[in-house]
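Features of the protein shown, as given by TrEMBL:
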- 27-31, 92, 126, 177-181, 208-213: ATP binding site (BINDING)
Ligand SMILES: Nc1ncnc2c1ncn2[C@@H]1O[C@H](COP(=O)(O)OP(=O)(O)OP(=O)(O)O)[C@@H](O)[C@H]1O
């Protein structure tokens, strides 16, 4: 298998498929943090230890086939171009931290891009498993299977009382972060999100932006995850998160209904104006593009727009990020050049959809 496919396809299969409640929950992720006994944590280990860990993974797991997810390939950060690393971040396959601050970092990626095992990030091993829609239990099952598979070859740092030992004390215990990526435009439009986020925080959950810790919520996409990793089982953490997510889904649906009832024409106008901007602009910044894409996606969910598939928007959200634009252009672009390319790419993609819809009507 060639590595090229990881960089040239914008949307991984888990992102293009529909899952339960995928009008609101874009994806579910389980991440397990693990460390290997006899090695110091990545925050303090030396280069030799870091390389030994990468070699261990290269020899044991690279090119190995795992049922249902396909063959694994090992990508070393030191061998990737800056743009290629950015593309992997934009596809949510690696964290910005691995791409930017881990010279001995690597990533073991499954052929279907559902599994990404980051090596030498904040911990020696971070297993992440991604599923479309609200499928935390399913993602946990696969993550646990992979965890067992790796443990057949590696001795984990584990304490009988504390559980898995991790670099950062906040991850000790299960070492698990369960998260969902949610599209919540109606809660943002009605400003209910401002009181919902503090309430979620009080329940021991965290609300983050589209690209994780420290990033902002582009296009009304929020990441919700557990804060607590100690004193609760993985299954309980997932169940608790799921019940909050289900309440959020209900609130977002209710807010959409209220908007349609009270501001139908204004909402429809907003959706079509955003569509107009996307279909016609010659220069567009990523923030504006993300906001318009969010409006159009809402318009599709509410039935105002009928001839575009929801997936095009998932795809455009990633394709219009700086890394992808430069990967397509085959080199570095200045921000002003990216804004022009972004506008052209969106226009072209929407035209393709319109043509497809017209052919379907004939
Ligand atoms: N549900 C999800 N769907 C898709 N991608 C996700 C999801 N949750 C997190 N990610 C991606 O995972 C990456 C890491 O996110 P984040 O920093 O929040 O988690 P983490 O590294 O596991 O957390 P921490 O190190 O703080 O415990 C980000 O690039 C983010 O885009």
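A Cβ is built for glycine as well, from the same backbone N, Cα and C atoms used for every other residue.
Summary: among the binding-site residues (126, 208), the fewest other C-beta atoms within 10 A of the C-beta are counted at 208. Residue 27 (ATP binding site) has a Cβ environment of 25 other Cβ atoms inside 10 Å. A C-beta separation below 8 Å, combined with a sequence spacing of at least six in one chain, links residue 179 (ATP binding site) to 28, 29, 31, 208, 223, 224, 225, 226, 241. Classification of residue 126 (ATP binding site) by DSSP places it within a strand. Following the DSSP three-state reduction, the secondary structure of residue 30 (ATP binding site) is strand.
Sequence-distant neighbours of residue 211 (ATP binding site) (same chain, six or more apart, CB under 8 Å from its CB) are 89, 90, 92, 96, 218, listed in sequence order. Secondary structure at residue 211 (ATP binding site), taken from DSSP and collapsed to helix, strand or coil, is coil. In the three-state DSSP assignment, the secondary structure recorded for residue 179 (ATP binding site) is strand.
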